[in-house]
């Protein structure tokens, strides 16, 4: 109870601060009186609205517009709702400067004050794949300034109904009539509605204030002045009780951050910072205790009293939380078994023809959910009513008949439809700017990720470089390979020329069963096959290391795509700016780690010591890493989850590496696999590195570099061919990732 009074006092303080300086007068916004109990006024206003809702004439009266509709609605809200926090929305206009919202219509302020009424008539939803009706004949009417709870046992269809009404069901067949202020849903619906999902998804390294600020930059219209955005963030922090933790990072399972209740309130703030007319919430109290649940829903109640239409699914709330709702829509197996005032639901089911026994002092929410789920047996019966029976009984009640009559006869004053210059609040260029800012902030604060990326690169380059340290520029070797008796120098290049099991006398070249193995006793012996194979291996492992090092990008992308799905569905941005942001934000790390690896590896190995070959090596290494990164992005976007993508990633690289020319020479590839070397990005990467090394050294002691290139199938290609192919593959992977993000959606995000 003390917590409740504390919340009320905070609300009063916020209200007084919001309305300071607003003059009285006709239709003026009246500040609250000092010491007036907010909770008592809230209860009185709820009772007053309940009485008015029973009068059919009130259904049109509260939407009647005068010559000055904004002032009349504000005055009506003052009298009916009875507490000044309902004027918070109007106060935003007073706080703004003359830099108006450029792409909002001139009457947008009136819409924000008037609110939107939702009417559903005989809504049904069927999934053809399972040939089952999820929703059947759902009818309701939700007025602005009211908060409606969708309740029922698990599987009743609550979330499905919420998704249908909010326009988030793209599959299945929807029938019936659904209107918003008498008009069907249009392409601008995302700009007038918000959907708060059950799971809280944030960037853990951002603070609470930064999270709201970036959200305001994406969800408020593009022409909004920066001062107004900051003011909106301040109001949200105060209204949701988050001001004292504004600088705290949100956190996650690894990074310690804010509490569960604070995360829920932040989720609400992120979604409503654009001040939508309609707010949908899916299980906003899930995983919270009763006290924190009440705090969250009390904040939602304050938002509702700003004349918004709020619809929330909720499962067995506490009595205090249950009492915050104006209406209850109780469902059982996709059918409505009750729709009406919260205060009447227990009395309804305790009376004939239901005759359920309600124990005083118990949770009314639990009681009605158990009734709908068939867990209670009515007095005088041996079994509970079925969902179908409860639905049919509801259809015969005067309450339902009055609802149908009100919907049929209701003379709604329909405002002109909202029109905007664009479907989303901001342009794609603005979306890109904000996402890049947010992305760099996230990356720079991810210290563990940066340390991992640079640490792996440094130690990997040092380890591999130390194994092959000191190879010279293909000049004379310190220990020459001695050809075995009867074997010409040319045969050194062909291991099949040696008897099986023959081991050469010099440590630098070993041939066992026709297969060349490498020992590094003589590091400078490039004039024999072992040295050629050695140098080829060094290049191959460099390519492999940089491409395979992108597996971390899969987990990062799979985590980020949940937030992407959510924000895109909310109309915050489109897919293309998100894709470009991912490339731009990760590009500096890719460039820097490629430079680090090349500087260490190239000079430790002792590759061809001139500027042009080194710069080419650096470019190919970067393209290798970029290609691997983009391939990881593609898998993360297309795969169902990170586990599936991580399982595919190494297998795909094995396939591409088989046809790179190292394990099997390209001329030896069977004709029916001839397409594979062309499609293998590993082939073009290793080919560029090999050309860069051996093309610089056309004549060696026993062979020339051209022979090596011809033997592996790389002869006749320019070094720049590899660059063109790798760039083309990167573009192809980027396009495929864009398509995957646009048309594939995993999970319920």
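Yeah, the Cβs are placed from backbone N, Cα and C, and that goes for glycine too.
A quick note: this is a predicted structure, and the numbers were derived from the prediction, not measured.
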Original post:
Pick from 557-575, 614-632, 671-689: which range has transmembrane segment per TrEMBL?
Top reply: 614-632
**OP:** Could you check which of 529-551, 644-666 is flagged in TrEMBL as transmembrane segment?
**Re:** 644-666
**OP:** Look over the recorded stretches 576-602, 614-632, 723-744 and say which has the most C-beta pairs under 8 A to the transmembrane segment (644-666).
**Re:** 614-632
Original post:
Other than its close neighbours in sequence, what residues sit by the transmembrane segment (723-744), given a CB gap under 8 Å and a spacing of at least six beyond its ends?
Top reply: 561, 564, 575-576, 578-579, 583, 619-620, 623-624, 626-627, 630-631, 633-634, 637-638, 681, 684-685, 688
Subject >> Mean per-residue pLDDT computed across the domain 'ABC transporter' (118-358) >> reply: 93
